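Per Swiss-Prot, the features are as follows:
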DISULFID  C24-C42  disulfide bond
DISULFID  C35-C63  disulfide bond
DISULFID  C48-C52  disulfide bond
DISULFID  C67-C78  disulfide bond
DISULFID  C79-C84  disulfide bond
SIGNAL    1-21  signal peptide
Amino acid sequence: MKTLLLTLVVVTIMCLDLGYTLTCYKGRDRSSETCRSEQELCCTKTWCDQWCQDRGPRLEMGCTATCPRRMPGLDFTCCTTDNCNPVPT
């Protein structure tokens, strides 16, 4: 009886969708954020402003549901694994 109960518990756990959540870097300090269930991508957005020559490109990082389309002056990089969006070099 105990074996049957244990088997049922193991099968139940294996069949459940345990709700994997993605984590993405959210800033230059490499802190991570847990993405909402509908956000299945990590994204890094870079662009230049008037101080780009002195300070380097501006940067936004985090979770997203879709990878934005490329636009003039903006660069997007998207990926699908935990913390796969490091600060560009």
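The backbone N, Cα and C atoms fix where each Cβ goes, glycine too.
Cα spacing between C67 (disulfide bond) and C42 (disulfide bond): 9 Å, rounded to the nearest whole number. Counting only residues at least six positions away in the same chain, the Cβ atoms of L41, C42, C43, T44, T64, C67, N85 sit under 8 Å from the Cβ of C78 (disulfide bond). In the structure shown, the C-beta of C42 has more C-beta neighbours within 10 angstroms than that of any other entry among the disulfide-bonded residues C42, C48.
Between the disulfide-bonded residues C24, C35, C63, C67, C79, C24 has the most other Cβ atoms inside 10 Å of its own Cβ, all protein chains included. Fewest other C-beta atoms within 10 angstroms, among the disulfide-bonded residues C52, C84, are seen around C52. C63 (disulfide bond) has its Cα within 10 Å of the Cα of these disulfide-bonded residues: C24, taken from C24, C48, C52, C84. DSSP assigns C24 (disulfide bond) to a strand segment in the three-state reduction. According to DSSP, C63 (disulfide bond) is assigned to a strand segment. In the three-state DSSP scheme, C48 (disulfide bond) is classed as coil.
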